Structure formats: structure tokens, C-alpha cells
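K.L.:
Let me begin by handing over the structure; questions about it come next.
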Amino acid sequence: MKLWIHLFYSSLLACISLHSQTPVLSSRGSCDSLCNCEEKDGTMLINCEAKGIKMVSEISVPPSRPFQLSLLNNGLTMLHTNDFSGLTNAISIHLGFNNIADIEIGAFNGLGLLKQLHINHNSLEILKEDTFHGLENLEFLQADNNFITVIEPSAFSKLNRLKVLILNDNAIESLPPNIFRFVPLTHLDLRGNQLQTLPYVGFLEHIGRILDLQLEDNKWACNCDLLQLKTWLENMPPQSIIGDVVCNSPPFFKGSILSRLKKESICPTPPVYEEHEDPSGSLHLAATSSINDSRMSTKTTSILKLPTKAPGLIPYITKPSTQLPGPYCPIPCNCKVLSPSGLLIHCQERNIESLSDLRPPPQNPRKLILAGNIIHSLMKSDLVEYFTLEMLHLGNNRIEVLEEGSFMNLTRLQKLYLNGNHLTKLSKGMFLGLHNLEYLYLEYNAIKEILPGTFNPMPKLKVLYLNNNLLQVLPPHIFSGVPLTKVNLKTNQFTHLPVSNILDDLDLLTQIDLEDNPWDCSCDLVGLQQWIQKLSKNTVTDDILCTSPGHLDKKELKALNSEILCPGLVNNPSMPTQTSYLMVTTPATTTNTADTILRSLTDAVPLSVLILGLLIMFITIVFCAAGIVVLVLHRRRRYKKKQVDEQMRDNSPVHLQYSMYGHKTTHHTTERPSASLYEQHMVSPMVHVYRSPSFGPKHLEEEEERNEKEGSDAKHLQRSLLEQENHSPLTGSNMKYKTTNQSTEFLSFQDASSLYRNILEKERELQQLGITEYLRKNIAQLQPDMEAHYPGAHEELKLMETLMYSRPRKVLVEQTKNEYFELKANLHAEPDYLEVLEQQT
């Protein structure tokens, strides 16, 4: 009977156990309670971010299905052996932003299918030989932003398929030989470490297939040891992406790029050194005359090794070691000396409520880790004595208040972790004094507002993490003047994000994360779409998916057409983005018209082409303006010259005509009525003098016809003219100028100056007497003789006075040599120089 009862109970227990196990195997594991699960392309995505998970064993997954597991921002502090043995189908595991300080050997056993492992932003200090045991198929390993100082020689020896290794922002001083001998790396990131050199033998020779090598922000010593790296970099194929190696020492090379330095300047011909060590251990006292630093350091080492040889030096050598037993370390923390980085202080998860619990502060701290404590506020006086800090980790605390100026003395700080706290608002005063800060981590807070100018006190900020907050808008010019290269705005509350005055200030951007926001794919998002399309391929890390309107849910923003986002948008073919920029407005900013036009031009035409075109247009305008100015000046000069010529013609004595000797009509002169008593009797008496070859052919024909008609009467006319003029009171025998003398001058024109022979004499007489006295004297002399001999010549005298005292009429006469001879031929007496002088004055 007892036997049957025992069998019954055994079968009952077996059924109960079988019944209890069956739901576990058939259920969806942690997807029903702890985590969020989603299936995509046949792979289960298990999201367990920020669930307060302390142990990996708390996770259960569906059986026989490949999955990706995310354990971001939890409370993991250590990975124990076989922690992942039940996750054999995992192909990707994300353990970032925890406080993992140690990984036991065999922790990754059973993950033979794993291809990606993320252990970034933790507290790892060492990578041991068997740390990654069991990850034979691993292709991607991310271990950046830890405190790794040591990598053991065989740490990566079993990772025969590893292609991407990210180790930036650690404290690695050197890499062991042959560390990558069996690793087919194509991408290696070593930025932000303490490396001084990379040898060819044992390191560079094993990464010949590298495509992307990042080496910035290290402590490179540009000396002879770095020549191998320089030569190797120069021989790399042009398609490889190699970061700049910037010298940190010696001082005269600090800030210089290695590739731009000459080999002779980096490593001049090294001098020949003497041997410093003697096999017998004796000291080389003769070497003290040398001033070489390396010799002095070597000599000091030999002294320390031989205390028995110099007993008198023992007190001086041992005294410093007795005075410095070790660095001081606060009681709840662990400290480690990192040469040359300084003192590393580990105070994570020590239930520290305030930094005042660490007093007195240690000397020369470089890195202070306070992650995972219960600090609620940070006051201005808490960090006054930590001015030597280069890294401060305050992540995963309960900080709600950051007093303004709390970091005022941390002028050397380069990395600041404030992730996983309770901050709700950021202002400029919180970050005063952080002049050298390059990395700022503010993810997993409750930040709703960022005031304008918050990041201005950090002129060297490169990396900014603001993901997993509650941000909806960003103030204008929030990134202005900040050289950001990496920005994470993932998992916030952005429905749209203006490009103008916000995103367009990110001139040095290389990576931005905008996914997992409730994007409203409407007209307000057209500017963001066009900005994303202009970025390089890998700048935007993940897809930006629309949340609203409903018909665009889960649609990728970059792949949508602008007309779908904004149906009323009309694009101009020549300027495809001008209208969109004019129509898209945001509540946070107002778009300037000039800025809109300039932006539309730069969208349609490359900026370099636009600048070149504007330059050519400017040069063309300058030349046109100069040509117009020259033309105006030339025409003005010609006009002035013409006026001067006309004035000279008006004032020239050659143009004066005396009506008493007849009137002449040239080819430029208009006919006037006769103004002389003798004009009707004067018919060109000197035709042979008047002819000139400068006249036109028509004029010459008229002259020839006239000569043919009057040729026979020329002598008769000349003789009658002379006889008539002899009876004139002006040319009579009683006058000063006799007819015989004038006839001689009139007939001989060999001397061209005969017309003005007496001008100088009469001018002197005029200057002595004056115009009035001169006229009175001459008229008084002429009047009695004329009345005596020619009582009827009174009218001629009045006519002469009228001509002398009145201004002669202007005649448009061209001053030519022919007219000059013609005028001289028509004058039967010397011209009255008084009238000429009066005209000139």
C-alpha cells in the first residue's frame, strides 16, 4: 500500500513540474512583462532599456529564434561566468551605459552566433586574455568610453572574424606586440587615448588591410620612434581613411600634424652615445661632464642599482621613498595610480550622498568616478579642490540641482558624465569654467528645456549626448560657436526641428542621431528633409520615421517626396528649394528674406560656382563703370578744348574784317549786307593770292572760271583800285602811311610778317600813352588834313571811328593759311592794332 502511495505522489509531482515548465518554454519570455519586443525581418528585437535590471539571468527569451537584445542603461555591474548561456540565439547584445567594472572568464560562453557586442560607456579597466572567450563569430566590438588602461597580449587572438574594433576614449598607453596578428581588422578607432607611438613590427605590419584608422587626440611624441608610423601612413592607399596624428611633444612640435613634418626635423642624425653600463657595476664618474638628459637619467639608474658601491648616497636615495609611502585615497573608494595620467579614483556604488563625504580630497586626481551613488545636488564648493580632474563621472545618480559655477575650477576637465540623473533644465551657468570640455553626456535625464547660450562656455565641445530626454524644441543658435562633431538627439519629443539657426550651425558635424522621435511629416519638416539629403551617407546614423499624419506612419522621411510632405508646395525647377524655404516656418525661429534667398541660391547652385559667378559679375561691373567714367572725362575734355578753340578764334586778329576795305565771303561765311562805302567797287582785286589748294574742287572750278573771265581786266582793276584809294583820306599823300609805301607792301607778299611790322612800335606807344590819349592824338592829327584837302570825307572819318570804337562783328571763319593771305591781300593799310588789342582784352 505504501508503495502505491509513493508511486502516486511521484507521478503527481512529475505532472506538476511538467505543467509548470511547459508555459515557460512556450511563452514569449520577458517580452510579456519586463521588455518590449518587436519582430523585424525575421529577427526578434528585445528592448530592455532602463528597466533596472541588475542581473542578466533576469532575462528570458523565446527559444529557437534569433534576436537582438538591448540592456542599455541598467544597473549591471559585473558579468559572471555563463551569464549568457541561455541566450544562445543572440546575434547582437547591447550592454552600454551600465556600470560594468569586470567581466569574468567565460561570461560569454554559449554566444557562438553573436556578431555584435556593445560594452561602451562602462567602467572597464582591463581586457584580459579570456575576456571574449566563446565569441568566435564576433564581427563588431564596441568598447569605447571606458577606463581601459591594459589590454593583455592575447585578448583578441580568438576573434578571427573581427572587422570593427572601437576603443576610443579610454586610457590606453600602449598596445602589446602582435595584438592584431590574427585579427582581420578593417576599422580601428583609437582616438582619445594616451598613445605615444605605434611600432611597425608587431603592430602596423598586421593591419595592412585597414580601411579606416582613427588616431586623433593622443599623446603622440614626434621623435625618432614615430618615423615608422609616418612612413607607414605615407604608403597607405588613397582610399583609406586615416585620422591626423597631431604631435603632443616635444613642445616645439606641439599641435603640428605629423604628415606635414619633414623626417629630418623629426629625427635628425642621432649622436653616438657611449656605453653607460659597466658589467662590473662600477660608476662612470667621467660621464658627469655630459649635459645630455638621457645620459643623466641612465647614470642615475645605475646609482640606484648599486647602493653598496656608494654607501654615502643611500640616505639621499632612500629618503624620498620613505617620505612617500603611497597616495592618499578616500575611505569608501579605491584608487589606482595611472602614469602619466595621474590618480584614478573609483567611488562607484558606495552610497555616497555628497562630495563632502570624500574629504579631504586626494592629491592630483585625474579621474573621479562617482557613478551609481545617491547624490541629489552638486554645490559650488564641492569640486573646488579637484582642479586637476580630466574626467568626472556622475552618471546614474539622483542629481536634480546643479548650482551655477559648480564646475568653475575644473578648467582641465575634458569629459563630464551627467547621464542617468533627474535634471529637467539646462542653463549657461551650470557649465561655467569648462573651457576644455570635449565630451558631455546628458542622456537619460528628464530635460525639457535648454536655455539660449547653454553651451557657449564650452568652446571645445565635440560630442554631445542628449538622447532619452523630454525635449520638444531647441532655442535659436544653441549650437552657434560650438565645434560639435557628434550629436545624439534620439528618443525625445521632437515633432519638427528647424534647420535655420539650429542645425545649420553644425558646420563640423560627422554624426547625428535623430531617430525615435514623434516626427510630424508635414510642411514644417520639409526643411529638415532637404538638410538631411545634403548630408553625407553615414552622417545620419539611423532612419527617421514619421509618426504623423496617419497615412505616413512608419515611413522614412528621407525617402518621401516634398510634395507628399507638403501638397501645396510648388517647386521651381531651376531653384528647387527656394519655395520650400519660403513656405516652411517654425514657431521657434523667423526666417529672414535675404537669408532665404541666399540659401535657395546655394541649394540650386554649388557655393563655389556661386562665389565665382559673383566675382566675375563684380569685376565686369567695375570695368564697365571705369569705361563710362573715362568716356565722360574724354567728352568733357573735348568739349572744353572746343570751347577754348572757339574762344581763340573769336579773339584772333586774323578773323577781324574791316568793312572799309571790303567784305569777303568764304566757304564758312554767310552773306551779310555791305557795311562799307567801297564794297561795290571791290571785286577780288588779288585773285592770284587768294587761291589755295586747301579748298574743295568746286571752289577751284569757280576760281578758274572767274580768272578766265577777268584775266584780261586784272591789271585794269588793280590800277583803278589803287587810283581810287589814293583819293581816300586814309591813304592820301598827307597821311602818315603813304600810298607808294603801301603799294609796295601790298604787292610783295614774300615776307609773311609784313602785315605786323609796326605792331610792336605801336604797342609800346599805346602802353606809354594809354588808349584814350593815343586815339585823341591820332584823330587830332588826321582831322585837319582831311578837312583841308577832302572836305567831303567827314562821313568816312565817322565810319572809321565807329569801326575803331565798336566791337567788330563775329564771323565764323576758319583760321587757315589761305585765309590769312587773303585777308592780307584785302587790307590796303596796316591793320589797326588798337582794335585788335581791344578785342583781345
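For all residues, glycine too, the Cβ spot is worked out from N, Cα and C.
As annotated in Swiss-Prot:
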type: DOMAIN; residues: 27-67; note: domain 'LRRNT 1'
type: TOPO_DOM; residues: 27-608; note: topological domain 'Extracellular'
type: REPEAT; residues: 89-110; note: repeat 'LRR 1'
type: REPEAT; residues: 113-134; note: repeat 'LRR 2'
type: REPEAT; residues: 137-158; note: repeat 'LRR 3'
type: REPEAT; residues: 161-182; note: repeat 'LRR 4'
type: REPEAT; residues: 184-205; note: repeat 'LRR 5'
type: DOMAIN; residues: 320-361; note: domain 'LRRNT 2'
type: REPEAT; residues: 364-385; note: repeat 'LRR 6'
type: REPEAT; residues: 388-409; note: repeat 'LRR 7'
type: REPEAT; residues: 412-433; note: repeat 'LRR 8'
type: REPEAT; residues: 436-457; note: repeat 'LRR 9'
type: REPEAT; residues: 460-481; note: repeat 'LRR 10'
type: REPEAT; residues: 483-504; note: repeat 'LRR 11'
type: DOMAIN; residues: 517-568; note: domain 'LRRCT 2'
type: TRANSMEM; residues: 609-629; note: transmembrane segment
type: TOPO_DOM; residues: 630-841; note: topological domain 'Cytoplasmic'
K.L.:
Cβ under 8 Å to the repeat 'LRR 1' (89-110), counting only same-chain residues 6 or more beyond its ends: which ones?
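P.N.:
Counting only partners 6 or more residues beyond its ends, the repeat 'LRR 1' (89-110) has Cβ contacts under 8 Å with 43, 61, 63-83, 116-125, 128, 130-135, 142, 346, 348-349, 371-372, 395-396, 419-420, 443-444.
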K.L.:
Using a Cβ cut-off under 8 Å, which residues of the same chain at least 6 positions beyond either end of the repeat 'LRR 6' (364-385) come close to it?
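P.N.:
Sequence-remote neighbours of the repeat 'LRR 6' (364-385) are 75, 77, 99, 123, 147, 171, 327, 338, 341-356, 391-410, 417.
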K.L.:
What does DSSP give as the helix, strand and coil breakdown of the repeat 'LRR 5' (184-205)?
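P.N.:
Taking the repeat 'LRR 5' (184-205) as a whole: 2 helix, 3 strand, 17 coil.
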K.L.:
Based on DSSP, tally up the residues of the repeat 'LRR 6' (364-385) by helix, strand and coil.
P.N.:
0 helix, 7 strand, 15 coil
K.L.:
With DSSP helix as H/G/I and strand as E/B, how many residues of the repeat 'LRR 4' (161-182) fall in helix, strand and coil?
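P.N.:
So the repeat 'LRR 4' (161-182) is made up of 0 helix, 3 strand, 19 coil.
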K.L.:
In the repeat 'LRR 8' (412-433), how many residues does DSSP assign to helix, to strand and to coil?
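P.N.:
Helix (H, G, I), strand (E, B), coil: 4 helix, 5 strand, 13 coil.
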K.L.:
I need to check the long-range neighbours of the domain 'LRRNT 1' (27-67): which residues 6 or more away from its ends have a CB within less than 8 Å of a CB in the stretch?
P.N.:
73-77, 79-80, 83-84, 86-87, 89-91, 113, 444, 468
K.L.:
Could you tell me the mean pLDDT over the repeat 'LRR 11' (483-504), as a whole number?
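P.N.:
So the average pLDDT across the repeat 'LRR 11' (483-504) works out to 93.
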K.L.:
Looking only at the repeat 'LRR 10' (460-481), how are its residues distributed among DSSP helix, strand and coil?
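P.N.:
The breakdown for the repeat 'LRR 10' (460-481) reads 0 helix, 3 strand, 19 coil.
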